[in-house]
């Protein structure tokens, strides 16, 4: 009897143990199935990614490279990370007892890498969908794309590109679900339970962070676009809502400036912003300097003294001309081309890349003012409207994005800038090497080839110093001997214009330009020194008496009053003869024959040298101030009126026409020579 009672008791107490074992076995089976599902789906997922990256992307050559970069984004980085993750997951199969715990540890180890690569992909997903929509509007292109995808992945079906693009997004969001399924079938007292909990929570955080990052990028993309709007377009965008926002922001800013409300301090962002502005300043300065360098290089390439007859005996000059022609034809143009391609264009691209962050920083300040106003209201009232809450989130998204990405941008911009500078230095070094190689044969024939480099440097420095001293001495003598006269002489061909202005306005209205004038505005005139004008009005339309309205005989416009002086008219020889003729008629009853009128530019004319001139070659002749000169031709052989062929003391040569003036008869009444 006792044995039967013990058996019954044991059967009653053993039943729960059997059920527990059955439940544990069922959970273990479900756990193994969940692990198998995780690994098998990871294999299939990675296989699809590899097909996309290798077969499909390589066959879509009809699409621009920029489109392919957007569509497939950083899929290569995703493949690398997931390949390593799959390898670790498959390695856990050899240690079945610890497999679940090892899986949890693997996901914890890959948490940051998964977040980084999938952030980038998800951020460009919306732009990729926009491209897909544009392809659907071109039926022929859409059929080609669909045919390529179906040939590689028949399971894609009619969705085509859309099916492929969404796969990475679906996979990253499925990891927490797969881990949760394994966790649900793991005993709470098992050693792997805590690790799986942490892994599941970590992957859920990854998905949350990716969604938040995607939202921030969408907010940022709205404000990074720099649209070149005209004034009319800007005015068209103004409405009561925008006016209200700008007024509120201005009011908040004025309160902060007056110290009525505190200003939000963010030292971390302020440091990043300051560094970004330094980077921007460096890029702007370098771009300006490179632009000036290219302009100077262009001017240097246009200067070709070797193409002209230098009239110097043979010797080093011949070697110089040969070398200069060789460099001008190949070395320098190649250097300029490389400079534009490897320095200027990347520098312009870097400057363009700065525009987006600059606009974001500016918008952050606006959104910060909105955020501060909403925070004040929240403290006072305790609640805000939906629009105000959206403004708070917009600022927080912008600020978080800038704080997270501005350090990386600054670092990349500095690295980019450093590479541009290194490239510039390398191009300069290569040019120097190339010039030395080309000049190697010519150097042996130069007079100073035997000198060492220090001795040659000293020789050049001494020669430059001596030449500089001579130039300064010449400048000082030139300023002493040639003080600028108050009235400049006329060119031989300017009498006709002066006569036209004189007959129209009279002598009291004529003025002479004392120095060159470069017009800056649309109504301003550009005139050379010595030009004659007639005064129309001694002030402009705004009453400014420093700008006078004048007539040049062909154009009217404004010139600075300080560069005009009264012109004292010098009569021509014909007028002087006309003044003397009545006096001769009163003395002699027999009328004299009337002489032919003197042309404005006679073949031979007696003039006076107004300034001294030192001949610099055998083609020129020296002058002394006040010396009488005979003009043989009022132009050079090319018809240039700036030079005149004259005869002085039996010598013939060219002198500047502006150094000459007509020689009047002695003691004319009422007239005076320009001083």
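Cβ coordinates are placed from backbone N, Cα and C, and glycine is handled just like the others.
Annotation source TrEMBL lists compositional bias 'Basic and acidic residues' at 574-587.
Among the features that TrEMBL reports, domain 'DH' is placed at 30-213. Note on the domain 'DH' (30-213): mean pLDDT across this stretch is 89.
Annotated domain 'BAR' per TrEMBL: 254-455, in sequence order.
For 506-569 (among others), the entry in TrEMBL reads domain 'SH3'.
For the domain 'SH3' (602-665), the DSSP-based tally of helix, strand and coil residues reads 3 helix, 29 strand, 32 coil. The domain 'SH3' annotation in TrEMBL covers 602-665 (among others).
The feature region 'Disordered' is assigned by TrEMBL to 1-23 (among others).
Taken from TrEMBL, the feature region 'Disordered' covers 573-598 (among others).
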Notebook entry, point to check: What are the DSSP helix/strand/coil residue counts across the domain 'SH3' (506-569)?
Noted result: 6 helix, 26 strand, 32 coil
